[in-house]
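This report concerns only the one structure given below.
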Amino acid sequence: MKLNDTIVALATPSGAGAIAIIRVSGPDALEIVAPLFKAKSKKDLAKQPTHTLHLGNVMDGERTIDEVLASVFRAPKSYTGEETVELSCHGSPYIQQEIIQLLIRKSCRSAEAGEFTLRAFLNAKMDLSQAEAVADLINSENAASHQMAMQQMRGGFSNEIQKLREELLNFASLIELELDFAEEDVEFANRDQFKDLVSKIQTVLKRLLDSFATGNVLKNGIPVAIVGEPNVGKSTLLNALLNEERAIVSEIAGTTRDTIEDEMSIGGVGFRFIDTAGIRETKDVVESIGIKKTFEKISQAQVVVYLVDSSQIAVNRERLQQVRIEIEKIKNKFPQKPLLIIANKTDRLADEEIHNLKTKLEEISSHAERAQFLLLSAKTNLGVEELKEKLLEYVNTGALRNSDTIVTNSRHYAALLKALEEINKVEEGLNADLSGDLLAIDIRQALHHFGEITGEITNDDLLGNIFANFCIGK
């Protein structure tokens with residue numbers, strides 16, 4: 001990949017639309033575009049100042065391809081830090097390709113995936129973690145993932161890491177200075193102050209590492225397994241939550257024979273609802289496979305919703321005992337997972353039956369760790385909104401509300417983990433009163449891992465892997 005040539009790509013999604021934006025960036029962007037652009041104002045595009053907008057036609061010789069708006073961004077005041085022109089044309093795929101092919105014939109090169117953002121990183125318009133946040137922002141599908149991506153893109157995470165790195169670097173410099181005066185036995189770095197700094201860095205790193213569990217699921221959607229005996233209304237509940245029919249709904253027990261998954265946003269947080277096969281004892285081979293998959297999905301879920309038919313357990317003691325057994329199975333396998341027991345089809349019950357049902361469910365849930373119950377009718381939507389509220393209670397959204405830094409990227413998590421390991425070694429060295437040359441080894445390694453996050457320490461393979469996940473026009 002040559003990074004000193006001029007590149008072009010479609011910056012908007014491919015396909016037909018009202019408008020499309022074609023981005024050109026590089027040292028010759030204006031020199032290439034200007035001769036092809038006939039401004040209504042008769043002005044020369046190559047001589048226009050930055051952040052100006054111009055109406056005109058893109059010309060291929062004497063042929064007009066389209067009437068466009070040309071946006072001029074002069075280096076370094078552009079997204080990439082280079083000379084940049086963006087052509088807003090009509091969204092016909094034919095027009096898009098005609099303009100792009102014309103620019104390529106005039107010596108532009110087709111941009112590779114993520115190359116515009118790569119150039120922005122290399123031109124110091126953003127650091128590496130901010131560049132990765134651009135991809136997260138593009139892929140965000142709910143308020144939570146959007147907020148986390150925006151916070152990271154604005155430099156919240158980078159600033160926190162950079163501050164730690166600078167403070168550690170100051171002490172590292174003093175330690176290194178001691179090595180230059182080893183014969184004089186001079187101590188420039190106050191060891192007590194250094195211990196305080198190490199303790200502070202450990203606290204921050206542990207907080208960031210702890211945030212990854214929340215950040216990762218918020219970014220990708222909270223998985224919720226909807227399980228229970230066959231034909232209790234799991235598919236109907238899923239459809240009520242999603243406001244559309246996705247699962248097969250039937251009066252025949254066991255018709256949901258595989259897992260069905262869909263996504264929705266509740267209170268700005270993404271949830272992935274997984275409707276699974278029941279977990280009753282069965283000799284049916286196909287249904288047995290579905291039951292095995294149910295437990296696999298429960299293991300992957302953050303929250304378990306166990307659905308029962310209220311009209312059955314309200315009058316049938318044997319069925320109620322079966323429910324107890326099934327709940328025990330789930331809690332024995334997954335004692336720490338939040339479990340919400342939902343009595344569905346309450347629209348079929350009289351008031352006295354509902355009262356008795358509440359008493360029974362209170363007794364069952366009290367014997368199961370981290371369990372609650374809820375009365376609901378998926379058919380009439382009674383209790384569906386309360387279910388959504390309870391699901392939000394299970395999610396740690398406090399960090400989001402407080403705008404705390406939340407780690408969502410597994411690469412960042414790995415680098416933070418390695419940095420903490422090195423900082424722990426520094427602490428051990430300080431407590432053991434090790435010499436500065438030995439402390440310096442671990443300090444340098446910690447600084448290296450901080451630099452990996454922001455891109456101050458990097459390599460071509462790492463950059464290739466990161467930016468290959470971007471769309472072409474970004």
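Just so it is clear, glycine is given a Cβ too, placed from its N, Cα and C backbone atoms.
Here the Cβ of Glu86 ((6S)-5-formyl-5,6,7,8-tetrahydrofolate binding site) has 21 other Cβ atoms within 10 Å, regardless of which shown protein chain they belong to. Taken from Swiss-Prot, the feature (6S)-5-formyl-5,6,7,8-tetrahydrofolate binding site covers Arg23, Glu86, Lys125, Lys474, and the record attributes it to sequence analysis.
Taken from Swiss-Prot, the feature domain 'TrmE-type G' covers 221-396.
Packing around Asn231 (K(+) binding site) is summarised by its Cβ count: 19 other Cβ atoms lie within 10 angstroms of its Cβ, all protein chains included. Under the DSSP three-state reduction, Asn231 (K(+) binding site) is assigned to coil, being neither helix nor strand. Positions annotated as K(+) binding site by Swiss-Prot: Asn231, Ser250, Ile252, Thr255.
Residues or ranges marked as GTP binding site by Swiss-Prot: 231-236, 250-256, 275-278.
Per Swiss-Prot, the feature Mg(2+) binding site maps to Ser235, Thr256.
Note on proximity: of the binding-site residues Arg23, Glu86, Lys125, Lys474, the one nearest Lys234 (GTP binding site) is Lys474, by Cα distance. In sequence order, Ala11, Ser25, Ser78, Tyr79, Thr80, Thr84, Phe116, Thr117, Ala120, Gly473 are the same-chain residues whose CB sits within 8 A of the CB centroid of Arg23, Glu86, Lys125, Lys474, the residues recorded for (6S)-5-formyl-5,6,7,8-tetrahydrofolate being left out. Within the same chain, residues at least six positions away from Arg23 ((6S)-5-formyl-5,6,7,8-tetrahydrofolate binding site) with a Cβ under 8 Å of its Cβ are Val8, Ala9, Leu10, Ala11, Thr84, Val85, Glu86, Ala111, Phe116, Gly473. Across the fold, the C-alpha of Asn231 (K(+) binding site) and the C-alpha of Lys474 ((6S)-5-formyl-5,6,7,8-tetrahydrofolate binding site) stand 48 Å from each other. The Cβ of Lys474 ((6S)-5-formyl-5,6,7,8-tetrahydrofolate binding site) lies under 8 Å from the Cβ of Ala11, Gly114, Phe116, Thr117, Val134, Ala135, Ile138, each of which sits 6+ residues away along the same chain.
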